[in-house]
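Let me begin by presenting the structure, written as structure tokens, before commenting on it.
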Amino acid sequence: MEYYEQYPHHHHHHHHFRQPEQAVPASASSHHKSLLPQRSGISKGKYSLKDFQIMRTLGTGSFGRVHLVRSVHNGRYYAMKVLKKQQVVKMKQIEHTNDERHMLKLVEHPFIIRMWGTFQDAKNLFMVIDYIEGGELFSLLRKSHRFPNPVAKFYAAEVTLALDYLHSHNIIYRDLKPENLLLDRNGHIKITDFGFAKEVVTVTWTLCGTPDYIAPEVITTKPYNKSVDWWSLGVLIFEMLAGYTPFYDATAMKTYEKILQGKVNYPPFFHPDVVDLLSKLIMADLTRRLGNLQSGSQDIKSHPWFGEVIWEKLLAKDIETPYEPPVVPGVGDTSLFEMYPEEHLDYGATGDDPYGQYFVGF
């Protein structure tokens with residue numbers, strides 16, 4: 001369950017290589033004035049641990065875990081991401097972690113996860129986000145092996161709207177993959193895990209993300225822009241339709257080599273329209289990659305493969321989802337999440353906080 005796993009331990013042999021943090025040009029840091037509207041109408045106070053009853057683990061990662069929690073005030077269920085400060089610092093993820101909090105506070109979109117509040121104790125950082133009951137798109141894809149054309153198209157279209165929204169607010173998502181796409185109780189997409197998202201003005205240089213989904217310009221540490229997300233969308237559509245990724249190999253290094261060679265073999269059952277779209281998204285030449293041209297995302301949305309999509313209706317969730325997750329809504333049903341071993345939690349730790357200076361105001 002990857003609400004936030006930066007170093008996944010399952011599938012595709014994901015590995016992450018990173019340049020030192022200071023390789024990011026000053027223009028890409030999140031200090032410049034955000035273009036995002038401030039959130040309206042939702043009362044988001046400062047929470048603390050005693051506001052929640054902590055329940056089972058929904059996912060684990062190298063920094064901590066995600067729990068199902070229940071508000072002691074309104075009885076509602078939420079997901080709570082807990083990051084160990086020591087781990088975040090050790091793995092040089094301070095900037096990523098602060099970025100994620102900053103980013104999620106600002107975004108508001110039907111297909112992007114909502115954050116309700118953050119707080120910290122002496123040892124941990126806590127983020128309270130929506131509990132999305134339908135599990136990962138990853139799990140559904142593995143169970144289904146692959147999706148029929150209309151199903152893949154539905155999910156791809158919702159993801160396209162979410163990416164388009166982020167880009168219009170100068171955010172590159174950078175970590176698109178089926179593990180980071182959750183399904184809500186009705187079967188709509190929610191993008192989660194903003195540990196890698198970057199608010200950018202122009203270009204960024206850090207290398208992160210899953211090998212299978214990384215654009216070639218990121219591997220070669222060239223400057224890159226929003227179109228890394230459109231490359232990843234191409235990989236996602238391919239994986240949904242084929243059941244495997246286009247550059248899959250046993251090792252990360254081999255996957256990188258394949259990405260740099262850029263040769264994609266399209267299965268014979270792929271519709272010609274989707275082959276046309278993918279050949280323009282999984283395109284190393286940035287001057288020719290769809291989404292990076294004069295008309296931006298419009299070129300993707302008006303591509304023949306998306307021909308029958310009515311984008312306004314989709315955004316309004318006015319289109320029937322292809323699959324409704326079998327969950328009982330609103331009761332903290334976690335049947336669609338894998339089980340994880342629970343461990344003794346020292347949440348609410350007081351006393352010495354050696355890393356507090358890195359997370360002021362969290």
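We count from 1, first residue shown onward.
Every residue, even glycine, has its Cβ placed from backbone N, Cα and C.
Copied over from TrEMBL, here are the features:
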REGION    1-37  region 'Disordered'
DOMAIN    52-306  domain 'Protein kinase'
BINDING   LYS81  ATP binding site
DOMAIN    307-362  domain 'AGC-kinase C-terminal'
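Mapped onto DSSP helix, strand and coil, the domain 'AGC-kinase C-terminal' (307-362) counts 9 helix, 0 strand, 47 coil. Of all Cβ atoms in the shown protein chains, 28 besides its own fall within 10 Å of the Cβ of LYS81 (ATP binding site). Across the domain 'Protein kinase' (52-306), the model assigns an average pLDDT of 88.
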